[in-house]
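A.B. asks: Per TrEMBL, signal peptide is recorded for 1-19. The domain 'Cadherin' feature in TrEMBL is assigned to 64-123, 124-232, 233-337, 345-442, 443-552.
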Amino acid sequence: RQRVLLWGVLLAACEAAWGQLRYSVPEEIPKGSFVGDVAKDLGLQLPALRDSGVRVLSKGRKQYFALHGKTGHLVTAERIDREQLCESVPECVLRCEMIVEAEMRVYGIAVEIMDINDNAPSFREAEKALRLSETTALGSRFPLVEAHDPDLGRNSLLRYELSGDEHFSLAVQEGPGGDQRPELVLAKALDREEAAFHELVLRASDGGDPARTGTARIRVTVLDANDNAPVFSQAEYTVRVPEDVPVGSTLVTVTATDADEGIYGDVSYSFKKITEKASEIFQLDSETGAIILVRNLDFEEGDSYELEVQARDGGGLSDTIKATIIVTDVNDNLPDISVRSALSEITEDATSGTVVALLYVQDRDSGANGEVRCSLDEGVPFRLEKSFEDYYRVVTARELDREQLSEYNLTVRAADGGSPSLQTSAVLALRVLDVNDNAPVFSQESYSARLGENNLAGALVLRVRATDADWGQNARVRYRLWEGRVRGAPLSSYVSVQADTGALTGDVKLTGPLDYEERKYYEVSVEGKDGGGLSAHAKVHIDILDINDNVP
């Protein structure tokens, strides 16, 4: 096991530079077991890794791996059974992605699950009954039930042994796929009057250390003569069916005939070899040979099934053929859009190309039915970019302007290549934050007013007003006089402006009332400044009106 882990670490170091890590671990290791040092292999620092919002996502419905936040190690999230995940697959590889949200980056991780000898050979039938004629010729061979060991290599099925009776010996033939097929060989003539039954034990052993074994009992019943075996009408049956074929449908009917009469000519059908998964999907009518669908097919779970069907007559003679059922894909899965990471707010001065969302898009169908095209609403300042494999990024296409539109509901659509095409969509809500990019604007460039002399302090002269297109504090305008002097005194001694309302009022508290005979008009400048420091100015001209306040 240490050699396997060392090989996984060396392989990961070679592939890390390409954004793809690869490790290998034995199956059935406990939850939380070490898989690989992801932080080291990617050159990531642990403090930065913990603050970057790192997630590990498996490709599929189950999470088999997790990232240890303190060490940066990839560990198992639960116990992994290679035979359950990768039935009949020589190389079992689980794939996942590590997403670093702060960097909007994705790293691919492949973990090969190595086989251990955790399964003993087993027979689908613990007891096998054979009925043989006493005239059966010496050297006749009879296929026996095969043992199944889901392990690989030396851990899989290695040899068979037969014990129990001198009348029979064991021969093992190699099938087309390299599998071992045990056959019972008649080594000594049968005599029903001497022995009507023979009890045998077939033992299957694997090559593990220590080896595991499984047994099946064989009971041979000696019958009177039966000199014709059943013969199938075809050497092999192949049928193609769509995955949406209704449950209860007859997919194919196999037919065998026997030239004998009576019970020796009656043929019954059974599965000689079938996987546990296929046995839950297909049922064989023992009388008609019809293979019937008993559970819905799913192309994404299995695209072909090979079944071995045996026809046996009443005398125990048999013939075997292979029936292959090929499942064709139907466009029955909608594309799926998963938002892996997204912003909810963005400033209006964000540069073009800023990433606002990371999406994962997939379709479980195959071929054209599984090819997905993604699109974004037209006329918005955003675009879609292909990222890593099935990942897409939503980025800004140009600068934003909050004053034109302060919120976006971006609709991302995914459509597959099926006919008709299936579509799905996801909505991203994004709020544009204000930047102080607008200065106040006065309603008039200049203002004028007429005020009688000898006015009272605090009398309202006029009101100036400036507006700002920004938001919040950036849009709040405060006013003040652009200071000057009159007769050596500050202008504010004569005129003042309220900072919040913009009301321009005369103020004679310091030097006395305004006097037409001394000055007939005043010109002042008012400044309006927003909360962000941008400002504007307006001119105010005040004419002083004469009042008959002087005697001749």
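Including glycine, each Cβ sits where the backbone N, Cα and C put it.
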A.B. asks: Averaged over the whole of the domain 'Cadherin' (345-442), what is the pLDDT?
C.D. replies: 90
A.B. asks: On the DSSP side of things, how many residues of the domain 'Cadherin' (233-337) fall into helix, strand and coil, could you say?
C.D. replies: 8 helix, 50 strand, 47 coil
A.B. asks: Can you tell me how the residues of the domain 'Cadherin' (124-232) break down into helix, strand and coil by DSSP?
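C.D. replies: Breakdown, helix to coil: 3 helix, 56 strand, 50 coil.
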A.B. asks: Within the domain 'Cadherin' (345-442), how many residues are helix, strand or coil going by DSSP?
C.D. replies: 4 helix, 50 strand, 44 coil
